[in-house]
Amino acid sequence: MNRATITSNKSNAPSFLSIPLLAHNNNINNNNNNINNNNNNNNINSNNNGTTTTTTTTTITTISYKNNISELITIIDKIIKDLNNFKSKTVLNDQEFSELNNTIQFTKTSLVNYIHYENENKINFNLSDSKIICSEIKIIEYGIESFIFSICKLYQDLIQFQQLLLKLSSPPTTITFNTTINSTNSFTSNLIINNLLKVDSILKQSIDQLLALFPPSSSSLNNENNNNNNNNYNPYELLSNEAKVLWNQFGGNKITFVPWSIFFKGFQKFFNKEILAYESSLRYTLDFTRDGYVTPFKLSVFIKWFGALPVSLGIFQDVINSKIFSGFISGIEATQLLSRQQVGYYLLRCSKTIVGAFAITFVDSTNHIRHCLLYPVTSSINGGLTLQKPPDIFKSILSFILSFSSKLKYPIGPLDNDLLPPLSIINNNPILILPDENNNNQNNNQNNNNNNINTFSTSPSSFFTIDSSNSSDTNKSPTKSRKSSFKNDKDKKEKEKEKGKDKEKEKERVSDENFDNLPTFLNSEDENDNNNNNNNNNNNNNNNNNNNNNNNNNNSSNNNNCNIKETHQTTSNGSSGNNNNNNNNNNNNNNNNNNNNSSSTTKRNNNNNGSDESKDLCTVCMDNEINTVFLECGHLSCCSLCSVKLKKCPICRSRITRVINIFKS
């Protein structure tokens, strides 16, 4: 039985992500031995000559044959057999097995396309020979040499995969802390599986790069005499015009692999900017196959993530500074990290399945963990990101998060030290920088454009309605609205007093609702739960002081509660407040009357005032129907055309910080 000592790992990310890259090692096996330096005594020991010894009866496959791709497929078949064995023994659950097996099967299917290319070009080399990759750090031209380099990288990834499966089959039993063997084995197995998922991600990216650099459909795979790069395809064409200018510094269309040190110098020269503080973050993001090189494929993916090359660096720095990017995390690991988090937590990661896409995993208002894909926009020169349905384009990932910040509130943030901001600003920058308040009109226009954004295809779509009974009087002309809102001086004084209290509370409050640009994702429920919790006392005071005109004052006395509701809402288990029995309007509005912050939602009211919807006209133009609500005052008084022109509410003269489009029921 193998024995190993388990020690705690201070980093959230597995240690193998920060090991020296291939081009900086003296032999291939160093990278494999450092995958789990917390389990250094586990089976495999490396010496200075690069030889490998094991203490188990099962050994890692080594290759010294001419048909290297066929041998890679042999390794893959053994891995597939092991995965099925682990699934049958419930070592891997269904999700973990599916994630790992899909990548391995995809790798096998892809490699089959290159057997003919290898045979026709008589490519003969030993994959286990470390001199192929690590003899020197140099620029690699497009052709046979770059193909061999790519195959060697896949070999390394598969060997890492095999090594972790070996460790998973024989977890250690010697421990250094007081716990049971079963719990220790479970802990160790989970750690190994997480590392497997990391290698799985790198393997998928390596095979994606091979397919991009040497597409199976190109003539380069069918030309018998293609010993050079004289073929109809060149990965140089993956680059935009601006990116080609950058790549020309390294040799133009003849070059495929550029060492990181050379690329980074050219990258700084292109932007005419010293960015040493961001080098580790850039290297983590650009060199996602962990081989120490940058290719046209990697640069093109970077542009898909962060926009056209001239603006990509600025967007990338903003993302790093905002501490929202978690990097290359699998969907399974993201779900695990969010499993005990509250509503509003999210994790921003790079998609493994869609090249150049972002994936956002978040906890929705029903405490379910959901996943969202943001696809790169390739049809636009400036790039951007888009949801699949409908295809609204966001300028950057930050624009998307700010647009839906009522749902994406608390980022998990970097899980690797390389993704942290520079030390000079790491403690000074907020989690997310809000847009300038002076750009109010621009934000309003953005809200109008994003009015019908749908999010996840797995969730039913819905739309917003507003409580018509609460808004019926405030939607009227200024004269009628003021007459109904202030029937006597006592009510007016009480309202001014409530406003004063609200302003004092707003100064002291540090709340995530300050990040909201849009009210919610359009497919979520119970959006106003948090707002109702913060405003319970205000609702109660308002109802007691204004029993005769409850509907008129509902919107105007809450801090940020616009009474925006969805079409399907249910009352939660929190206790409901006192209904105003003095109202003659059959008001069914439930108010919170507890002091322990139990939340409840409010059902939609029916407009029984006898007011006609045709009278709810914009207070500015008096032509269009009211369809916007002002924040922070909560008044509904303008149409969408007039609201973008205003800086102060025409009802209460309060400053307008945001405008939200609504739909009446």
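Including glycine, each Cβ sits where the backbone N, Cα and C put it.
Note that the structure is predicted; figures quoted are calculated from it, not measured.
Positions annotated as Ca(2+) binding site by Swiss-Prot: ASP287, THR289, ASP291, TYR293. The coiled coil annotation in Swiss-Prot covers 479-544 and rests on sequence analysis. Residues annotated as compositional bias 'Low complexity' in Swiss-Prot: 467-478, 530-561, 571-609. Feature annotation from Swiss-Prot assigns region 'Disordered' to 30-50, 437-456, 467-609. Summarising the annotation, Swiss-Prot assigns region '4H' to 109-231. Annotation source Swiss-Prot lists region 'EF-hand-like' at 232-306. The region 'SH2-like' annotation in Swiss-Prot covers 307-400. Summarising the annotation, Swiss-Prot assigns zinc finger to 618-653.
Features per Swiss-Prot, on structure.
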{"residue": "ASP287", "record": "Ca(2+) binding site", "CB count, 10 Å": "17"}
{"residue": "THR289", "record": "Ca(2+) binding site", "CB count, 10 Å": "26"}
{"residue": "ASP291", "record": "Ca(2+) binding site", "CB count, 10 Å": "26"}
{"residue": "TYR293", "record": "Ca(2+) binding site", "CB count, 10 Å": "28"}
DSSP residue counts for the zinc finger (618-653), split into helix, strand and coil: 4 helix, 6 strand, 26 coil
Secondary-structure category, per DSSP, in which ASP287 (Ca(2+) binding site) falls: coil
For TYR293 (Ca(2+) binding site), the three-state class that DSSP assigns: strand
Within the region 'SH2-like' (307-400), residues counted as helix, strand or coil by DSSP: 25 helix, 25 strand, 44 coil
Mean per-residue pLDDT computed across the region 'EF-hand-like' (232-306): 95
Tally of residues which DSSP labels helix, strand or coil - the region 'EF-hand-like' (232-306): 51 helix, 7 strand, 17 coil
